[in-house]
Amino acid sequence: MQPRTPLVVCVLLSQVLLLTSAEDLDCTPGFQQKVFHINQPAEFIEDQSILNLTFSDCKGNNKLRYEVSNPYFKVNSDGGLVALRNITAVGRTLFIHARTPHAEDMAELVIVGGKDIQGSLQDIFKFARTSPVPRQKRSIVVSPILIPENQRQPFPRDVGKVVDSDRPEGSKFRLTGKGVDQEPKGIFRINENTGSVSVTRSLDREMIATYQLFVETTDVNGKTLEGPVPLEVIVIDQNDNRPIFREGPYVGHVMEGSPTGTTVMRMTAIDADDPATDNALLRYNIRQQTPDKPSPNMFYIDPEKGDIVTVVSPALLDRETLENPKYELIIEAQDMAGLDVGLTGTATATIVIDDKNDHSPKFTKKEFQATVEEGAVGVIVNLTVEDKDDPTTGAWRAAYTIINGNPGQSFEIHTNPQTNEGMLSVVKPLDYEISAFHTLLIKVENEDPLVPDVSYGPSSTATVHITVLDVNEGPVFYPDPMMVTRRENISVGSVLLTVNATDPDSLQHQTIRYSVYKDPAGWLNINPINGTVDTTAVLDRESPFVHNSVYTALFLAIDSGDPPATGTGTLLITLEDVNDNAPFIYPTVAEVCDDAKNLSFVILGASDKDLHPNTDPFKFEIHKQTVPDKVWKISKINNTHALVSLLQNLNKANYNLPIMVTDSGKPPMTNVTDLRVQVCSCRNSKVDCNAAGALHASVPALLLLCLFSLACL
């Protein structure tokens with residue numbers, strides 16, 4: 001059987017990746033011819049021309065370089081392909097790759113009759129993304145198809161061709177895979193008769209970088225004769241994506257006085273193009289600095305890393321002398337390694353010169369004056385300071401301390417957070433008569449410590465002279481309150497005490513007069529000259545104006561100043577109890593049954609306004625019961641209650657029973673009160689106390705209620 005001529009999928013690149021946005025359609029960058037066929041010679045002779053290649057990047061071919069897939073061949077500057085030594089076996093295909101900064105393309109030399117040699121396009125051109133199928137002992141041999149992205153109309157256009165001079169008659173080519181019969185469908189197709197592979201639309205490498213297709217031959221019935229063989233389609237990157245800064249806003253901080261070369265921040269942009277090409281190789285530079293003082297070049301950016309560093313001396317990086325401690329830099333990232341043809345993207349970097357505490361606060365003057373009335377409290381003076389540091393930091397905020405002249409802790413000083421002033425306050429009232437002048441020594445520091453080479457000087461302390469103004473103060477009672485104890489019912493005109501009030505204004509020699517301010521019961525009088533307090537009425541401990549046996553009155557002491565000042569004193573009179581209140585009974589009205597057998601009785605209680613021992617135990621008696629056969633009987637239940645019982649049956653009527661109750665005071669007091677007893681008819685456990693037959697609670701119920709009341713006493 002005659003051996004079949006091998007099938008070779010030939011790459012026919014119709015357009016290369018432009019590294020610029022080419023607008024000139026009259027020139028198509030790349031090889032003018034992309035596929036060559038030669039017969040396998042007996043030997044390739046050293047330096048003998050094999051064929052001539054023509055490549056143009058439409059920009060003058062500056063820095064044109066060629067690479068050949070076999071290391072024993074090279075392309076001269078005139079485009080001639082030659083062998084570097086005498087060689088026989090080189091394989092069935094040679095690839096020639098041409099590249100300039102503006103364009104690149106690939107051509108293929110098919111050696112008819114050549115023998116397979118193991119190899120791959122990755123080994124040939126060091127493309128990390130390319131992994132062609134190794135050559136094996138089979139009839140279908142494939143090589144990658146390279147197609148630039150963003151091709152323009154017309155479509156479809158041929159990008160490769162299957163060559164087979166000994167293909168069986170009637171056999172057909174079939175192409176499958178993602179991009180053909182799998183999504184995205186219809187991008188590639190093959191002419192089943194000629195083997196030409198074509199693309200139907202523009203490709204986007206950033207969407208899909210490679211397509212894995214499969215080529216096979218079939219008979220007229222669609223049965224596979226050979227294959228499928230993998231076919232890789234590689235989308236060649238075009239510089240169609242600008243660098244983008246995505247992590248903004250970009251804000252960096254650097255301390256004032258930092259050494260030259262201090263790193264401030266890093267700016268990083270990304271480029272969606274192929275990272276293995278210069279299309280995504282970025283370089284950084286500073287396009288603009290605002291403000292441009294004191295130097296238009298305060299900072300430098302590493303073109304490869306994007307690190308922004310200081311380039312001026314520490315003396316120029318002084319926040320207090322800068323026009324503005326914040327700089328804005330326009331940073332540009334450019335692909336194509338920074339060549340002019342590269343695309344650019346920009347972002348703004350804000351750099352803040354941070355403050356350090358290299359300036360101590362200073363008082364605006366060495367001495368401050370203040371006046372305050374005696375007895376007053378509050379802020380008396382604001383101490384002002386200057387500090388050149390940043391007002392938003394602890395290097396500017398002041399902290400004040402009183403270091404001398406405040407033994408009684410009468411003064412305090414606090415910082416006003418808005419103005420940074422020291423607010424000196426009186427917190428304990430001052431007394432002019434004790435001291436009319438005060439002198440304070442105050443120091444000021446920052447919240448943050450000073451840098452090592454800066455210290456607090458004499459201007460960080462100040463003296464405050466305070467003058468106390470004399471005020472006419474009201475007289476003061478001593479003691480206050482004043483307390484006395486007296487028995488109630490003492491005779492009118494009895495002297496209780498003599499009050500004592502003094503005038504704090506000892507230097508003014510004023511006189512004092514007294515008067516009654518509040519006397520709720522109207523019992524008291526005070527001598528306006530000497531302050532003697534006596535009674536004008538009987539003192540009654542049981543008065544509603546007395547609370548817990550204490551009567552409260554207020555007096556005024558008025559000096560002779562202009563205007564006069566007044567002081568108030570309190571008198572507390574504790575009243576001792578006297579047995580001056582007779583006890584009284586309750587209730588004074590009761591109901592009983594006419595039949596003594598019904599347990600007819602009345603429970604009486606007694607109370608007394610006096611205090612123990614002038615109250616209970618009480619003695620209960622029926623007063624003036626002189627009839628031979630006594631009808632009523634009274635008996636003691638406890639110290640405060642007695643039981644009045646009906647001993648004989650009585651007619652239904654109202655009776656007055658005089659009850660005498662005596663307390664335990666010495667001497668005791670007695671009170672006689674009539675108990676009005678209503679005798680009612682009690683039948684069938686019902687009580688009828690009037691002719692109309694009104695019904696009342698039953699007798700047993702009354703009994704239970706009375707017993708319960710006693711139990712609670």
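Including glycine, each Cβ sits where the backbone N, Cα and C put it.
Any TrEMBL annotation is an automated prediction that lacks curation.
Since this is a predicted model, take the numbers as computed values, not measurements.
Here TrEMBL flags 158-172 as compositional bias 'Basic and acidic residues'.
The domain 'Cadherin' feature in TrEMBL is assigned to 147-245 (among others). Helix, strand and coil residue tallies for the domain 'Cadherin' (147-245), in that order: 0 helix, 47 strand, 52 coil [DSSP].
Under the heading domain 'Cadherin', TrEMBL lists 246-363 (among others).
Here the domain 'Cadherin' (364-477) has, by DSSP, the following mix of helix, strand and coil residues: 3 helix, 53 strand, 58 coil. What TrEMBL lists as domain 'Cadherin' is 364-477 (among others).
Among the features that TrEMBL reports, domain 'Cadherin' is placed at 478-585 (among others).
According to TrEMBL, the domain 'Cadherin' annotation covers 584-702 (among others).
Taken from TrEMBL, the feature region 'Disordered' applies to 156-178.
The signal peptide annotation in TrEMBL covers 1-22.
Regional average pLDDT for the domain 'Cadherin' (364-477) in the model is 93.
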